[in-house]
């Protein structure tokens, strides 16, 4: 982590230095660079520009023959035929009042970001996510008949659970309770629409199976959540990152 921070700092300083050098480089062209002269001064070929206006001979203000202000034939102010002030047909002054030209649709970045973030969330379930597939646990229910029934029907029970992020719950029990309820409800509704019904024994066994999987899901998500927080704390407490942040603040304030 420290090596990565040093590399990030070095890359930022190098980029900032290059940008600073680019800003100091003189731009090509400009006045008196050898390619043009002030009006009235001799050009390299010995000719002189007209004494005023910058147009060609007989052009008082830079237009063509008979162009008082830089337009075409019969153009008082630089527009086209029938254009009083530089617009097109029916255009009084430029880009306004164009012929019902539709504006280009603008992309809503919030919609784009929302669509990208919705990949991990199950649509229509109010923010619930679907966990990865798990192996169904081997459970014992206290008698041989139920144990045999479970082994024969375990493939009909869920092997994935629905859950919310762990930071929305105060403890494991609340997470597991919510996880079990939504998972069984969704699995029951989905299976019933396919023409298959569950008995009371099925529901009892599903509750045991899903509870075990929800506990496993909570442990996995909780570990990932705390690992992420710890990594962020270590990153922002490293000396190179602190130095980089201080340098950025100095540039912004200065």
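The backbone N, Cα and C atoms fix where each Cβ goes, glycine too.
The annotation repeat '1' is assigned in Swiss-Prot to 51-59.
If you look up Swiss-Prot, you'll see 60-67 marked as repeat '2'.
Sequence annotations record features per position, and here Swiss-Prot assigns repeat '3' to 68-75.
Sequence annotations record features per position, and here Swiss-Prot assigns repeat '4' to 76-83.
The Cu(2+) 3 binding site feature in Swiss-Prot is assigned to 77, 78, 79.
Annotated repeat '5' per Swiss-Prot: 84-91, in sequence order.
The Cu(2+) 4 binding site annotation in Swiss-Prot covers 85, 86, 87.
Residues or ranges marked as disulfide bond in Swiss-Prot (evidence: similarity to another entry): 179-214. Residue 214 (disulfide bond) is surrounded by 24 other CB atoms, counting those within 10 A of its CB over all protein chains shown. The secondary structure of residue 214 (disulfide bond), as reduced to three states from DSSP, is helical.
Non-local contacts of residue 181 (N-linked glycosylation site) by the CB criterion (under 8 A, 6+ apart in sequence, same chain) are absent. When secondary structure is read from DSSP and collapsed to three states, residue 181 (N-linked glycosylation site) falls in the helix class. Residues or ranges marked as N-linked glycosylation site by Swiss-Prot on the basis of similarity to another entry: 181 (among others).
Cβ-based neighbour count (10 Å, all protein chains) for residue 197 (N-linked glycosylation site) stands at 8. Here Swiss-Prot flags 197 (among others) as N-linked glycosylation site, drawing on similarity to another entry.
The GPI-anchor amidated serine annotation in Swiss-Prot covers 231.
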Completion exercise
Under a three-state DSSP reduction, the secondary structure at residue 197 (N-linked glycosylation site) is coil
